[in-house]
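According to Swiss-Prot, the active site annotation covers K279, R353, on the basis of sequence analysis. Taken from Swiss-Prot, the feature Mn(2+) 2 binding site covers K267, D272, D290, E351. Look at Swiss-Prot and you will find D272, D349, E351 tagged as Mn(2+) 1 binding site.
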Amino acid sequence: MELVVKSVAAASVKTATLVLPVGENRKLGTVAQAVDQACEGAISAVLKRGDLAGKPGQTLLLQNLSGLKAERVLLVGSGKEEALGDRAWRKLVASVAGVLKGLNGADAVLALDDIAVSNRDAHYGKYRLLAETLLDGEYVFDRFKSQKAEPRALKKVTLLADKAGQAEVERAVKHASAIASGMAFTRDLGNLPPNLCHPSYLAEQAKELGKAHKALKVEVLDEKKIKDLGMGAFYAVGQGSDQPPRLIVLNYQGGKKADKPFVLVGKGITFDTGGISLKPGAGMDEMKYDMCGAASVFGTLRAVLELQLPINLVCLLACAENMPSGGATRPGDIVTTMSGQTVEILNTDAEGRLVLCDTLTYAERFKPQAVIDIATLTGACIVALGSHTSGLMGNNDDLVGQLLDAGKRADDRAWQLPLFEEYQEQLDSPFADMGNIGGPKAGTITAGCFLSRFAKAYNWAHMDIAGTAWVSGGKDKGATGRPVPLLTQYLLDRAGA
């Protein structure tokens, strides 16, 4: 779908469908009043009959109104006079998109300037959410269906904006398009079956991306290099699999050579059986999503490349498959990490932190401004925060605050959990420097505490996206593309874009 921005009178546009808002009590805004005048009061006459109450998301389609060049007028309820919240605004836009998809029109014009969204400016903030909602709603994953989804008639949507705000709306659409593209790539990777999407496949995807962008350098570390670097924890996770582990390094140079990079670290467990600590069979198919941390880093990089942000960014994808076999790691094994610290592996299903801890040590060589790791790390995070909010921890209050703010601005929220020193004691082991689990209490926090021991050399934050990376079951089952909006917003803020 193509999104364009224009500053013209709604009453004069030639389109298959013109979309106008109607408030509760059938109140028309300034733009809709002008259109109503052009069609000699046909809209207000329909509203007087009570066919549309104006509640948020309600729609009414009118055909062939005289005096207009639009073939149809779609009225959408915008609620009471007070501003809509983010969720209500997204639902309204999705409602409009649902109607437009059912029509045979190739284009539509949205004249929604009269709707206010709380805590969003009238141009960039409001239209960024609108554009992301429209574009993300276009996503379809039917690669393995013998019958593909039918092509949609709607190819182009024009957003009408006043002249004063047109440039900001265009900037919003530009950013939203890049974010939606990154989310779609993330969702594609997450939704792929694990027999195809394994560590080597992700490495090939990285190389293809590197070929397409001169500013991006790609290096793939194989299992021998991982072992030679002393990454005993990372190497241990992949021991039971026929698919060898890979550490994928993507280095984007968009800023000055002397600028310190931001580093994103993604957990890329392409399938997680739990290893010898085998998971229950029910729902195990969804463990293909255990690489969504790496996928979201990949998607964020795609957005950064599309926007050509003037920053330096290093993406580290820690990829392995966690399988049981005669060569797999056992509960009770002790490994030495790249940092020199030793870990007693008490549960092989707590493997994400093992690939991440060595990758966090590896990140030191880039002398980063900040390091953010993203992982589907703990089921405890789903218990704590559900599927709406990502967990967030870190060792630097400014960094954590910046990420929380980015989440609010991108409508991709996170919530901070503590890393109090008392929680560290739960990781004590009688045989090694630490265990890889901290008991049944505060599982998300103790996982963060574990990682914090490998991130002391720089400002660091950890995002647990176990509840937000995918939707379980039902017709909407699949990867969500989160937290690409939050991460991209954070980098947009750092770039001053």
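Note: Cβ is positioned from N, Cα and C throughout, glycine not excepted.
Annotation for the binding-site residues D272, D290, D349, E351: lowest Cβ count within 10 Å of the residue's own Cβ, D349. Each residue in V237, I269, T273, G274, G275, S277, K279, D290, N322, T348, A350, G352 lies on the same chain as D272, D349, E351 and has a C-beta within 8 Å of the C-beta centroid of that Mn(2+) 1 site, without being one of the site residues. Considering only the recorded positions K267, D272, K279, D290, R353 (active site) has K267 as its nearest partner by CA-CA distance. Of all the recorded positions listed here (K267, R353), the one with the fewest other CB atoms within 10 A of its own CB is R353. One way to see the shell of the Mn(2+) 2 site is to take the Cβ centroid of K267, D272, D290, E351; the remaining same-chain residues with a Cβ within 8 Å of it are V237, G268, I269, M287, M291, A320, N322, G352, V355, A375, T376. Each residue contributes its Cα atom, and for D349 (Mn(2+) 1 binding site) and D290 (Mn(2+) 2 binding site) these two points are 11 Å apart. In this structure, the CA atom of K267 (Mn(2+) 2 binding site) is 18 Å away from the CA atom of K279 (active site). Rounded to the nearest whole angstrom, the C-alpha distance between D290 (Mn(2+) 2 binding site) and K279 (active site) is 13.
Reduced to three states, the DSSP call for D272 (Mn(2+) 2 binding site) is strand. In the shown protein chains, 14 other C-beta atoms lie within 10 A of the C-beta of K279 (active site).
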